[in-house]
Amino acid sequence: MALVSGAPLASRSCLNKSLISSTHELKPLRRTILPTLRWKSATPSINMCLTTSNSVDAVQRRIANHHSNLWDDDFIQSLSTPYEAPSYRERAERLIGEVKEMFESMGPNNDLLQRLSMVESVERLGIDRHFKNEIKSALDYVYSHWNEKGIGCGRDSVVSDLNSTALALRTLRLHGYPVSSDVLEHFKDQKGRFACSSIKTEGEIRSLLNLFRASLVAFPNEKVMEEAEIFSTTYLKEAVQKIPVSSLSRQIEYNMEYGWHTNLPRLEARNYMGDMIHEMSYMNAEKLLELAKLEFNIFHSLQERELKHLSRWWKDSGFSQLNFVRHRHVEYYTLASCIDIDPKHSAFRLGFAKMCHLITVLDDIYDTFGTMDELKLFTAAIKRWDPSATEWLPEYMKGVYMVVYETVNEMAGEAKKSQGRDTINYARQAWEAYIDSYMKEAEWISSGCLPTFEEYYENGKVSFGYQISVLQPILTLDVPLPHHILQEIIFPSRFNGLASGILRLKGDTRCYQADRARGEEASCISCYMNDNPGATEEDALNHIHAMVNELMKEFNWELLKPDNNVPVSSKKHAFDITRAVHHGYKYRDGYSVANNEIKNLVITTVLEPVPL
């Protein structure tokens, strides 16, 4: 929301308070990368400054003093890798054939668990795209033995097994099979509680880990899944304190840290490579591991090329000259390449990174730098969608407008290649709704109005920018998205509303204090407190966390419901974008200050290959 005229604000506004935010420390990167990186260590405080960049008369503006770009363009352009050599691709292709044979060579003993473990391993290693047919055959086989009590380790098992059943419940549900969580009722004792022994054996711990993972794909009103999550969480927290550091303890910590909704497939693959030998001791895990490492590094070479393109786009667009905005294009690209590692989807990854960067630039213009008069002109120009509309814009806005205009049109061209039709009208409608939502927030500050929670939340679902970050990137994919399917994904569909709502709520819990420090009073927290006199910040946060928890279950249902009219593949990338953006808010606002977690994510999933 923008700082505008000096109209008096509501009593709950913070513009009359200190505009200095808390100091954020930028810690050094790991030594392997540090010598070639340079960034300006900044204290991202909020202050008032005078600028004469747009007119003869000085204009008073707020600037958030965001730290500069961490990833120097010269460094990005200097990246090189040996993994583009054909020999690596040839070796990977041979291994793909050998792994396919592994799918076909499973014996009758423990055949259900073996198939599930094989599917899980290729998915967690990030190589599942090579084995779609094998995965479907394996899961069809497992599902054919599924019953109201779950499954055992093998087709001839007399008794159902918690480990196999929990793993199957999660895996089958994620692949769209109609499986009920009621099977978990059969693993409770006579008192209706999940039972376990006093001695935590490795087998039991693995069973409870799979129960925990299954509980994260719960649908609304699945009480047994809620009970499973509570029980398994308590059990695993105790177990990890007692068992020695091992592949099992690391897997527990990783899964409890990232769960499912903030887990990134490429990050998981990087972590799982070190442990999967121990996880699949009864199979030829060496071939899987070698293939996973080769695929990781071959994709790493593609990441370097894409990152160089993105960095040139950022530099050529003139964004590097805008010192009042956040520069997070590398971080956004990292998130995109952590959820989609298909070499054919370069346009998706680059499009997502560009759209997110444009959102961030506009967020900083509307939040801090732009005046109300400028914002009205810019909003009108976006709606006209014509370069001549920039005539009355200040110089800095002219450049931004043209980059938005050219990038959106370029993305529409990419979408036409894959969808076979012009999609620019979808994009224009999304941008108009997005920019209108920003103007509404600016007007709230200008008038001193603090909206109701519901009014803020509904507008905030649009102003978050999820629709912009998703729409054009997914249209570049080789997944048919005709109008009737697209309407189920984009705003105001139920799917889009849930995703946008989750991210708006989660984002506000991470940003509201910094936003309030620079005079942006309206947030889910402040609006809830205003609607409920006497409510504390803790009350508001508890309410919002409960909302997010329930919305997550509804979101799971919208993606995975068995009678889905829209294929999971059509919604999967939009769902994964939600996971990626959610990941950035896991610890704090990773988009305003690039914290150590975000920096390490860039290093481990983009900049550094894995040792072969």
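Note that Cβ sites are derived from N, Cα and C of the backbone, with glycine treated the same way.
Looking at the stretches 363-367, 428-432, 483-487, 513-517, the one that Swiss-Prot records under the feature motif 'DDXXD motif' is 363-367. Taking the Cβ of Asp367 (Mg(2+) 1 binding site) as centre and 10 Å as the limit, one finds 22 other Cβ atoms among all the protein chains shown. Around Asp515 (Mg(2+) 3 binding site), the C-beta neighbours below 8 angstroms that are at least 6 residues distant in the chain are Asp367, Ser523. Neighbour count (other Cβ atoms within 10 Å of the Cβ, all protein chains): 19 for Asp363 (Mg(2+) 1 binding site).
Per-residue confidence over the motif 'DDXXD motif' (363-367) averages out at a pLDDT of 89. Per DSSP, the motif 'DDXXD motif' (363-367) is made up of 5 helix, 0 strand, 0 coil. Asp515 (Mg(2+) 3 binding site) falls within a helical segment according to DSSP.
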